[in-house]
Every structure is written in structure tokens, then in C-alpha cells.
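Record features, source TrEMBL:
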type	residues	note
TRANSMEM	12-36	transmembrane segment
TRANSMEM	48-71	transmembrane segment
TRANSMEM	78-101	transmembrane segment
BINDING	G88, T91	Na(+) binding site
TRANSMEM	113-137	transmembrane segment
REGION	156-180	region 'Disordered'
COMPBIAS	156-168	compositional bias 'Low complexity'
COMPBIAS	170-180	compositional bias 'Basic and acidic residues'
Amino acid sequence: MNDPAKPVQRIWPYVAVGGALGALVRASVDYLTVFFPDSAVISHAIPIMWSTVLVNLLGAFVLGVVVPLFTDPSRERVRLLVVTGFLGAFTTYGTLIAATANGMIASGSIVGAIVPALASLTLLFLGVVCAGCGCALGRFVKFGMFEVVEVSDEAGSSVSSPSSDAAGMVDRDTFAEEEQ
């Protein structure tokens, strides 16, 4: 009889160790703000610490880099350690949203509430851009040079190449071998 708790018992140590390391590094980055007391907060209108912005954008970029590298099921433990554990604890978009909410409450005006909300949306967008750039770098590291290749059948409808992944990315060398 299979015990459903067994898989959880096997994965939690990886997530826990990665999370502890990520939280430690995150706290260390926050500690660096004591060396720059006048610049710890980006602005008084937006009470967000630069360390929060830094870890979220850096974490999004690193997440984008490492996710393509750990898609193989045999790398699940490393993915749990690095992605779920370390980067999950290192990045703190919750802190960003809490700082935005506090700024909105403290402002007491509609205009004062809009500025922190727009700043958070901008930083969230930049995080997505960083993750996309990181993902492109991760795919390059994993697959080498790649390009988007669209293959059409006789009827003109698009079909996928067997070597393409879900995003339609094809390894140039593999595609050339299949064409021969």
C-alpha cells in the first residue's frame, strides 16, 4: 500500500533548506541598508526599500534563468531547493505590496494612493521583464543557439516540429538534422 505522505517526506527537506538559505540572504541584503541610511527608502511618497526592489528584480531574473535548466524530472530535487525554497524565500513581492498598501493608507488622498500603486505595478512589470530576460538566458545556456521556426504543411496550416518545446523554440542543430 502506498503512503501518500511519502512524497512529501522526501521533498520538504529540499524546500526547507533552500527556504532557510533564501531567507538568510534576503535578510542580509536588508541589513546592507544600514550602510546607506539616507537611501534605504526609494522615496517618502513610496515607502519601498531599495533592497526589496533589488531582491525582487534579481530573484525574478534568476528564476527565469534556472527554471529552463531544471525542467527534467531527474532535477526535481535541485528545482525544489533552488526555485521553490531559495528563490521563494529570497523574493518578497508580499513585502512590496504591503509597503504599497501602507503608503496608500498614509497618504490620505486619491493622488497619494495612486503613486504607490503605479510604482508597484511598474515594479511588477519590471519583474516579469527580468524573468523573461532570465528565461531567454536560461534557454540559451540549456539549448545553445535557438531560433523560432514555423513549419507549415501543404494546406498552409502551422504544425509543430517534433523537436520544438511548448513555446515553439527549436534547437537550430536538431532542426537541421531533421530536415535532412
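Note that the numbers count up from 1, one per residue, in the order the chain is shown.
Cβ coordinates come from backbone N, Cα and C, glycine included.
Note: TrEMBL annotation is automatic and uncurated.
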Residues satisfying Cβ distance under 8 Å from T91 (Na(+) binding site), sequence separation of at least 6:
R26, V55, N56, G59, A60, L63
Can you give me the same-chain residues 6 or more apart in sequence from G88 (Na(+) binding site) with a CB-CB distance under 8 Å?
V15, G18, G19, G22
Long-range Cβ neighbours of the transmembrane segment (113-137) (under 8 Å; 6 or more residues past either end):
42, 45-48, 53, 56-58, 60-68, 93, 96-97, 99-101, 103-104, 107
Would you mind pulling the DSSP three-state label for T91 (Na(+) binding site)?
coil
